[in-house]
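For reference, the structure discussed in these notes is given below.
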Amino acid sequence: MSVKTGVSSSAQCLRERRKVYEANLENVGLELETEDKSESEDGKTSFVKIHAPWEVLATYADVLKIKVPFKVNDIPDNKDTPMNWLSTPFRLPDHIMHPEPDYFTAPFNKSKSDFFLIDNQETFFPPSTRNRIVYYILSRCSYLKDECPDKDKKGIKRLLNNGTYTAAFPLHDSRYWTRSRDPNCESERYNLYKHWARFFCFFKEQPLDLVRKYYGEKIGIYFAWLGFYTEMLFFAAVVGTICFIYGFLTYDDNQWSKEICSEAIGGNIVMCPLCDKKCGYWKLITTCNSSWQSHLFDNVATVFFAIFMGIWVTLFLEFWKRRQARLEYEWDLVDFEEEQQQLQLRPEYETKCSKRKLNRITQEMEPYLPVTSKCARLCLSGATVLFWISLIIACIIGVIAYRLAVYAAFASIMKDSPTAHLQVVGPLITPQLATSVTASCINFVIIMILNLMYEKVAIWITDMEIPKTHLEYENKLTVKMFLFQFVNYYSSCFYVAFFKGKFVGYPGKYIYMFGEWSKLRNEECDPGGCLIELTTQLVIVMTGKQVWGNIQEALVPWLRNWWGSRKARSHPESLYSRWEQDYDLQVFGQLGLFQEYLEMVIQFGFITLFVASFPLAPLLALFNNIIEVRVDSWKLTTQFRRPVAAKAHSIGAWQEILNGMAILSVVTNAFIVAFTSDMIPRLVYMYAYQPDGEMNMKGYINNSLSVFNISQFPEANSPEDGENPFWFNSSITTCRYRDYRYPPGHQKQYTHTMQFWHILAAKLAFIIIMEHVVFLVKFFVAWMIPDVPSDVRARIKRERYLVQEYLHDYEVERLKNQLSQNANDCTCAPMIYPSLPKHEVLSECL
């Protein structure tokens with residue numbers, strides 16, 4: 001552990017604080033070594049290197065109840081997997097994956113140190129435990145003299161806040177590209193870089209035990225979760241790819257696309273204008289390409305994949321609970337409670353609280369925030385959250401308005417199809433596609449800009465609430481940040497999936513976004529459906545976020561480190577010491593893992609909430625996560641200071657967020673299949689409205705389009721002169737539009753037909769049936785799979801039994817030794833105890 005000293009204007013005050021603080025650290029047994037300023041790289045700063053000897057480690061391991069081994073695990077390992085040789089290429093060397101034998105552990109007791117398996121005191125406590133103990137001492141050591149009445153002036157965090165020290169961090173044990181020169185050093189950082197952090201190790205398993213040993217359980221749990229999530233994505237990606245291949249193989253069976261692309265059908269159907277004034281009449285055949293593209297994602301396999309993903313999410317969460325339970329046992333976290341973290345007050349909380357009250361747990365006076373002040377701050381933060389969410393919605397409305405306004409411009413510019421002359425891509429470029437792609441790109445840019453703002457806003461709002469503990473602070477920030485990101489990333493997808501094309505009216509009575517004065521007519525879905533536009537939106541936002549995120553994560557820390565150490569790299573190693581090199585690295589703060597979890601949870605939402613529209617989303621996520629694991633491990637090992645080890649037995653508040661998204665995903669995918677996809681209207685037509693009574697889709701396109709009399713168009717909706725195509729003439733008296741309404745001249749003209757209500761009833765029935773089936777399967781699967789594996793449960797019970805048994809035998813044996821020694825040393829006069837047992841005679845001697 002190294003503490004870096006800085007320079008401040010109140011130098012005398014800071015020197016006094018440092019002097020008292022370092023004296024108190026020495027009083028508790030820590031060994032301090034201060035580097036001469038003249039030997040530092042800039043000649044101005046000094047480092048205080050801190051070492052904890054065995055006595056200190058043993059004392060505080062007893063205080064913190066750290067579990068240590070007392071017996072080798074005697075339960076036989078029955079993990080023989082069939083065809084285990086197949087996994088050989090993916091394994092790491094045994095000395096990397098299993099650096100230690102499997103032990104039964106018990107809370108350390110310094111007075112019974114001979115009870116535990118202590119071979120070497122220097123290596124008995126792993127590095128993460130040692131730096132956690134040292135930081136525990138630093139966080140509680142006072143920097144005022146003992147006679148000072150104010151006992152709250154303590155802790156390295158306060159000293160960092162007031163500028164007494166500029167940094168406090170554990171040192172890396174070696175450089176990442178080479179082993180340590182000290183043969184006694186294990187060079188675990190080098191091993192992590194060589195076997196874990198390099199990209200060419202992407203197909204290898206992660207050395208999680210080594211990660212936990214070097215960085216602590218909290219970081220180890222994150223990488224365990226990320227690795228498990230990536231493994232489970234493989235199965236979803238395989239099924240999604242099969243569904244996509246099914247859509248490709250059934251390309252020629254797509255009857256409705258054949259009708260759209262047919263000159264006899266699609267070439268003769270004249271469609272009503274899609275916007276006012278600037279849009280002319282058009283023929284259905286122009287949507288031929290989008291119809292074929294839509295079939296790749298909108299087919300029977302879509303329903304199957306939506307149901308599969310609802311079950312996959314449950315399996316993922318349930319199997320993760322089992323994996324997490326196994327890690328809790330293997331990493332000695334079964335009895336770990338976060339009470340210690342809950343009892344540690346944040347310095348920011350203490351400085352803002354002027355009143356004090358008795359803590360019933362510690363029986364000490366502690367600062368607290370009055371209820372009125374707390375309520376006022378919560379109300380203010382709630383209002384701020386609503387304001388910023390409103391800003392997100394306003395930005396989304398702005399993008400929607402852009403879509404409505406620019407479509408007319410694209411339609412007018414592209415009416416003569418100038419892009420049709422382009423090779424390959426020319427026929428694919430339509431006003432709908434151009435509008436969708438540009439709007440998605442603009443929306444992605446807005447999302448990235450708002451992200452920078454929302455992170456600062458979420459932290460500012462959470463600071464305003466003044467959470468009491470670091471755990472409470474992190475949970476509050478998690479909820480706020482996820483709420484911001486949820487609305488920011490998913491609102492545009494929700495619009496395309498559930499609002500576009502649903503509230504458009506019909507020719508002569510169109511619905512406008514802000515009323516008729518705005519002249520922004522709501523968008524319609526083309527006859528190929530809105531699903532392909534949702535797919536486009538999802539691909540652009542999801543892929544753009546992942547590519548930009550990986551570039552930013554890898555490039556930004558490297559550039560900062562390169563720039564910060566540009567002068568020192570030319571100095572010899574004797575001047576540019578290793579602790580100075582560590583200081584020049586980036587800081588992995590308390591919220592370092594927060595951003596990593598948030599990134600993965602947002603991705604989890606993309607592949608679950610809208611996966612029915614894009615079966616290849618899990619495949620894209622799988623490729624991203626394979627890179628993500630190595631990028632995160634690389635930057636942690638090479639670009640960041642070694643963080644202070646922390647314990648965590650789970651992924652925390654993210655578990656509940658994932659559970660909530662899993663439930664919501666069933667609802668969203670059911671609505672996507674029912675209302676965004678054309679699956680239900682096609683099935684209703686095939687089973688109930690096919691005129692020949694055959695089980696096919698012939699005539700579906702003509703059936704799904706309603707008729708409007710062109711002469712009834714209001715002036716505001718009619719195309720301007722010159723906007724209509726060359727083939728349009730006065731002989732064309734009607735146009736078609738996507739809806740189920742009675743034709744002109746009918747008694748109920750332009751009102752919904754009975755087929756519309758049958759389709760609506762079928763959609764609602766499908767949603768109810770799908771949700772109930774998936775939820776029943778989810779609950780059944782969750783009930784069938786226990787959260788804790790049976791072998792882990794047996795090991796926990798045996799460990800607790802052995803702790804009691806071995807401690808009892810240990811105490812009995814120690815008592816016998818004491819009694820025998822005291823009996824030999826007994827000088828009392830001989831006495832006769834005719835009726836007393838032997839142990840009572842010995843007690844009398846004692």
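Each residue, glycine too, has its Cβ placed from N, Cα and C.
Per TrEMBL, the features are as follows:
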DOMAIN    14-208  domain 'Anoctamin dimerisation'
DOMAIN    211-799  domain 'Anoctamin transmembrane'
TRANSMEM  222-249  transmembrane segment
TRANSMEM  300-320  transmembrane segment
TRANSMEM  385-413  transmembrane segment
TRANSMEM  433-454  transmembrane segment
TRANSMEM  604-627  transmembrane segment
TRANSMEM  657-676  transmembrane segment
TRANSMEM  764-785  transmembrane segment
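A contact between the transmembrane segment (222-249) and the transmembrane segment (604-627) is present, since 3 or more of their C-beta pairs, 6 or more residues apart, lie under 8 Å.
The transmembrane segment (604-627) shares the most Cβ pairs under 8 Å with 300-320, out of the stretches 300-320, 433-454, 764-785. For the transmembrane segment (764-785), the most Cβ-contacting stretch among 300-320, 433-454, 657-676 is 300-320 (pairs under 8 Å).
Outside the transmembrane segment (300-320), and at least 6 residues removed from its termini, the chain residues within Cβ reach (under 8 Å) are 225, 228-229, 232, 235-236, 239-240, 242-243, 246-247, 607-608, 611-612, 615, 658-659, 662, 665-666, 669-670, 672-673, 677, 679, 770, 773-774, 777-778, 781-782, 785, 787. Summarised as a single figure, the pLDDT of the domain 'Anoctamin dimerisation' (14-208) averages 82.
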